[in-house]
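I have placed the structure first, in the form of C-alpha cells, so that the comments after it can refer back to it.
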C-alpha cells in the first residue's frame, strides 16, 4: 500500500521477539506491576462511585443508568458533575451482581485485566504509529518496527502514573475508554486493508471506528478525541500530507485539492464521516445531559475562578507543565492535587514560571521539527506523538470548559501514548548517534525496571485508605484535603485525638473548609467540648448556608447545651436544605422527646422511617416512647412493623420483647429475648431483662441464671443487682418452706 519507511529498529540494541511473544511479555510485565492491588479495599472515590451508588443495585432499573451521572445523581440535578459514563457504571453493576455484594477483589481483578489487554493492544498500535501501515497481498498487516513497538508498549505498561487508573477502581472509566479508543484506531486502520494505491477504503470500518469512538465516550468523555486522531493519522500516514506545505498552499490559495490529491484518495470524505459521526454523538450526549454546567467549587480548581485572565492562563499552563513532569518523572504521585496543593501563580516573579518556559520551549521545538524537518518519517512520527499527547488531554485542559480538578493522574492515561512515542523515537535517534548502543539499551532497561518497582510500591499504597492518604502527606503537605482524609480515616478507626490534629491542620490550611469544620465539630461534640464545637459548626453554616449536615450537627450541640429553640430551628433549617434527611428527623424526634412533646417526637421518627425504612434507631425510639407512655398495643404494632422491615436487628427484638413481656405474652417475649441474645450474647441488659421476664413468669431458676450472667457482664447494671437479691431472698424463703 505504501512505500517502505526508514527502519527505526535498525540502529537500536534491543531484543527482537516474534509478535505473539512480545505481547505475552508485555501482558506479564503489566500484570506484575499491579498484581499486588488485587486484594485492596474500596478507597477514596470508590465509596461514592460504587458503595453509595444506587445504580449498582438490582432494584434500580437499568434505564436509570442513562439518565444518571457517574456518581448516581440525576444529570438534571444542580449538584451533578455531568460525568456521563453509563457503560462504566454498567460494568460496576455487573461486578456487584456476580460478586453478590460489595467485595472489592472482583472489581480490582477486572481493572488489572483491562490494563493488561490495553498494554497488549499497544504493541499493534505502536507498530503502526512508529513503523507505518502496510499490508501483505493477503491483507495481513506487517509489523515494520517490532523492537521499537515492544519498547514503547513496555514503557506504557509499566508507567507509574497509571497506578491510579488500575489500582483505584473508579479508574475503570479510563481503562474502558482507552480500550475502545484503541479498538477504534485499529478499526480505522482496517479500513485500508484492501487499499493498494491509496485509492480504496472500507466505509464499513470507518463507521465501525466511529461507533467504537462513541462507546469510548460512553465510558469516559476523552473517548471522543479518537475521531480527531483518526483524521490526523489518515492525513499523515495514509495521505502522507506535509502539513507545512498544506498551510502554505492554503495561504497562497493554490489549487489545493487537485495538487494534494485529497479528493482522489478520499480523505475529505472520510474526515466528513468522522466529523459527522462526532457531531452526532456530541449532540445526542448534549440532549441527554442538558445544558447546565457542572457544579464545581473554587477549591476543586482555584485557577478557573481567578478574576484575572493572566492568572488563569499562566496557572493553566503551569498545570500542563506538571502533567508533563508526571510523564517524565512519575515519582511524586498523589491521589488528589487540589485544595492548596499547588498554590496559584499570581505574578511573573514566581520562580515556577521557569516550568512554563521549559514546557513551551520543548513543545515549540518539537512542533518546529514536526512541521519543518526535511525527513518525512521524522515529521510523521513527531506529529503523531504530539497528536496523541495533546488531543486526548484537551477535555481536561480547561480550554473548553471548567474541570473539577487541578492535576489528575488518571487523565494522562491516554496522553501517555504520545509520550511513549516521543520517548521511543528519541531513544532511536540517540542510538543512531551513540557508539556504545548497549549502554544506552541498559539505561532504558533500568528505567523500565525502576518503573516496575515504582508501580508495585504505588499499587501497595492504593490498597488501603490509610496508606494512600499518608503517602500524600510528603507530596502535598499544603493540601487541606489530604490532612482531612487522614483525619477522617483515623476518626473512623476510633483514634479521635490524632484525628483532631489533622482536622485542625486542614482548617488552618483552608479556613473555609466546611467539611473539616463539620467533622472536627462532631468529634469535639462527642468529647463534650461543646463550646468550640458550636463555634466551628456555626462558622461552617455561615460560610456555606445550605450545608445541611452542619446545621443538623449544630442542632445536636445546641440541644446538648439545652438551647432547645435554637436546636429546633437548626434542625428545620437542615431539613429545608435537604428534604430527605432521615437522620435529622431522628435527632429532631429526640429533641421533642426531651421536651415531652411526644406526638411531635413520634411524627419526626415516623418521617425518618418513611425516608429510610431501615432506620433502626428511629424505630427503637418509637417503641420505647410508646412503651414508656403505656401505649403497649401501639408499641407492639410498631415493633412488629419494624421487625418485618429489619428482621435481624437484635435491638428491635429486645425492645419488642420488653413490650410483649409487659403484655404478659411471655412465650413470644422469651423467644425474642433468646433470639436477641443469640445475635448479641454480651449485652448485659438483654440477659437482665430476660431474667426479669422469667422472674415475673415464675421460672425462678432460669431467672437466677440470667441475672448472674448479666451481673458477670456488667456488675454495675442498674436494677439488676437489686432484682437478683430479691430473687435470692425469695428462693431462700421457698427453700425454708420446703424444709419445714
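For all residues, glycine too, the Cβ spot is worked out from N, Cα and C.
Bear in mind that TrEMBL entries carry predicted annotations, made automatically and left uncurated.
Remember, it's a predicted structure, so these values are computed and weren't measured experimentally.
Between the listed ranges 87-106, 267-286, 287-306, 307-326, TrEMBL ties the annotation transmembrane segment to 267-286. Annotated by TrEMBL as transmembrane segment, the relevant range among 54-75, 384-405 is 384-405. Residues 548, 551-552, 555-556, 559, 564, 567-568, 571-572, 574-575, 621-622, 625-626, 629, 642, 645-646 of the same chain sit 6 or more residues outside the repeat 'TPR' (582-615) yet have a Cβ under 8 Å from a Cβ within it. Distant neighbours of the transmembrane segment (384-405): 81, 129, 181, 221-222, 224-226, 228-229, 232-233, 236-237, 293-294, 296, 300-301, 303-304, 312, 316, 319-320, 323, 337-338, 363, 366-367, 370, 411-412, 414-415, 417-419, 421-422, 425; these residues of the same chain sit at least 6 beyond its ends, with a Cβ under 8 Å from one of its Cβ atoms. Helix first, then strand, then coil: DSSP counts for the repeat 'TPR' (480-513) stand at 27 helix, 0 strand, 7 coil. Through the fold, the repeat 'TPR' (514-547) approaches residues 480, 483-484, 487-488, 491, 496, 499-500, 503-504, 506-507, 553-554, 556-558, 560-561, 573, 577 of its own chain, all at least 6 residues removed from its boundaries and within a Cβ separation under 8 Å. Within the model, the repeat 'TPR' (582-615) shows a mean pLDDT value of 95, rounded to a whole number. Taking pairs at least six residues apart, the transmembrane segment (201-218) and the transmembrane segment (112-132) share fewer than three Cβ pairs below 8 Å and do not count as touching. A Cβ distance under 8 Å defines the sequence-distant neighbours of the transmembrane segment (439-457), meaning residues of its chain 6+ beyond its ends; these are 12-14, 29, 32-34, 36, 151, 154-155, 158-160, 162-163, 330-331, 427, 430-431.
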